[in-house]
Amino acid sequence: MSKTTLTSKIAVVGAGEVGSTIAYSLILLTVAGEILLVDPKENVRDAQVQDLSDATFHGNTSTRIRAGTHKEAGQCDIVVITAGAKQKKGESRTDLIGRNMKILGSAIEDMKPFAKDTVLLLVANPVDVLTYFAQKFAGLPREQVIGSGTFLDSARLRGMLAEKADVAASSIDAYVLGEHGESQFVAWSSVSIGGVPIEQAVSDLQIDRAATAEDTKNKATAIMESKGATAFGIGGVAASICKSILFDQKNIRPISHYREDLQCCLSFPVVLGRKGVVRTVPMPLSEEEDKALKKSGESLREIIVDAEKSSA
Ligand SMILES: NC(=O)C1=CN([C@@H]2O[C@H](COP(=O)(O)OP(=O)(O)OC[C@H]3O[C@@H](n4cnc5c(N)ncnc54)[C@H](O)[C@@H]3O)[C@@H](O)[C@H]2O)C=CC1
Ligand SMILES: CC(=O)C(=O)O
């Protein structure tokens, strides 16, 4: 990769624990020419810029990092939105909706008007509901406003399966779909290891599906109980999404996007390219999985309707 290819700009809005980890992952992946950190807490933002700038020697390209304004962010190729409150002990992701919807609304107003090709990547929680509202607030084409969704949960699932089956995670195809939260489900009917359906690749005794799905769903809570937050997983996932977009890689990823049939945003495999979602992949689901997808959609719809009522 030559230096001249890195002309893209990524803004990370919210320079807290997650925003700074995403910026760090972007630097290590050498994805963009410039990363802008945006946060109203100027002292925190500037200290993160200083600390991160010490990591930019890495790789064969030099990514510059600097503080930016919301207006500048609106002109970047990708805006990663991590601005918002995180869960306190005992809180669910959806408990954050009131606080984080307000923050999202004001951050988007401050960034407008967006450049026409800008892709918004939502990370703040509850990510599916915020992706839905970001599509409404931003006025960009829906396919350019996406959420990290269950890509992280799918990475967690693959890691657990890899350990149990004793193969590399990269040789496993496995998707967690639906909400990045309570109503998510594993699409077991399409899990394969080295291209071999899971039921032929490993015995049911080795993999307790219900327990594995539950452990996947609860992994974030388990981490937060001890260290208060999660950051590295989403750092890697968000940087990988940015790379797929900027290099128009057309990778297939479980990403939160708008589903007309369900009237909400949730995760289903899509092809990711320079304009965000290129198309949805028509992944076949079992009857039970199809029901789980619809249930997840209904549960997200309820949160959306409640949020609309309380903000009216
Ligand atoms: N989607 C996912 O898989 C994951 C999502 N998250 C979510 O990411 C969010 C951020 O988490 P942390 O970074 O740990 O929180 P944090 O509290 O460390 O950082 C949040 C930052 O947002 C800033 N902020 C507030 N209003 C802003 C605005 N209008 N513009 C720009 N910045 C603004 C705050 O000043 C703060 O620095 C949370 O909602 C958390 O639940 C965290 C991990 C994984
Ligand atoms: C916090 C969060 O959403 C996660 O780590 O999955």
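Each residue, glycine too, has its Cβ placed from N, Cα and C.
TrEMBL annotations: computationally assigned, not manually curated.
Remember, it's a predicted structure, so these values are computed and weren't measured experimentally.
Annotated features in TrEMBL:
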- His180: active site, proton acceptor (ACT_SITE)
- Gly14, Ala15, Gly16, Glu17, Val18, Gly19, Asp39, Asn100, Val123, Ala124, Asn125: NAD(+) binding site (BINDING)
- 9-147: domain 'Lactate/malate dehydrogenase N-terminal' (DOMAIN)
- 150-308: domain 'Lactate/malate dehydrogenase C-terminal' (DOMAIN)
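Known features from TrEMBL, placed on the structure.
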| residue | record | DSSP (3 states) |
| --- | --- | --- |
| Gly14 | NAD(+) binding site | coil |
| Asp39 | NAD(+) binding site | coil |
| Val123 | NAD(+) binding site | coil |
| His180 | active site, proton acceptor | coil |
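Summed and averaged per residue, pLDDT over the domain 'Lactate/malate dehydrogenase C-terminal' (150-308) gives 96. Cβ neighbour count for Gly16 (NAD(+) binding site) (all protein chains, 10 Å cutoff from its Cβ): 21.
Rounded to a whole value, the Cα-Cα separation of Gly16 (NAD(+) binding site) and His180 (active site, proton acceptor) is 21 Å. For Val123 (NAD(+) binding site), applying a Cβ distance below 8 Å and a minimum sequence separation of six or more within one chain yields Val18, Ile22, Val80, Ile81, Thr82, Gly147, Ser148, Ile234, Ala238. Set side by side, the binding-site residues Gly14, Asn125 differ in how many other CB atoms lie within 10 angstroms of their CB, and the most is found at Asn125. Between the CA atoms of Gly14 (NAD(+) binding site) and His180 (active site, proton acceptor) there is a gap of 20 Å.
Within 10 Å of the Cβ of Val18 (NAD(+) binding site) there are 26 other Cβ atoms, across all protein chains.
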